[in-house]
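First comes the structure, then the notes that go with it.
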Ligand code: FES
């Protein structure tokens, strides 16, 4: 297999911004809808994660571990699993979100109340509305559109909701697009690195759910906001079928 730098067509001396630019470009080229293939797309993702996890030229081959495409990269055969939780971690560790010994175990961690932006669209509501979540709670919405999930410490939100059986939009799963963006309405989330969101977006509580984890006991987020102005231009071809809109 080519080295991660060859896969991304990236100079080994490239800085972080150049890495993200190369990744965004290669992810578009490798996407199955754009003439690439699922294998090529996974290779590009694995290469990006390996470099972010500290891969250096000469470190050997990389491979994705997990037939479900879980976000684990091995660097050399005797290397530890990586990357760390900020890109999703292993399915085993994240499985605690939906696993455990019963209902109480499932309710540990940050309580995250979520709402689909499509609901705001349908009702003429906006992100700044007072009592937005109270109004949503009163609507009797299904659990795809509105509900709660408990997120374990330092577990990324996207992985946690997926472990709980939900499907939210995403593409790169590495902080290089805006497909997985959420608007934090209450509480806070830590995003360890930011290469695509503007300062203004960050100030307005926009976070990338694939690399962000809650830092407050309670959190309210609106997901499926990637078509909002500013975020729309940062999207990559989606990797998610159910929430893809007709024009994607
Ligand atoms: S899916 Fe691309 S930044 Fe999260």
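Along the chain as shown, the residues are counted starting at 1.
From the backbone N, Cα and C atoms, a Cβ is placed for every residue, glycine too.
The domain 'J' annotation in TrEMBL covers 3-66.
Summarising the annotation, TrEMBL assigns region 'Disordered' to 62-107.
TrEMBL lists 139-227 with the feature domain '2Fe-2S ferredoxin-type'.
The average pLDDT for the domain 'J' (3-66) in the predicted structure is 81. Remark: secondary structure over the domain '2Fe-2S ferredoxin-type' (139-227) totals 12 helix, 25 strand, 52 coil, with classes taken from DSSP.
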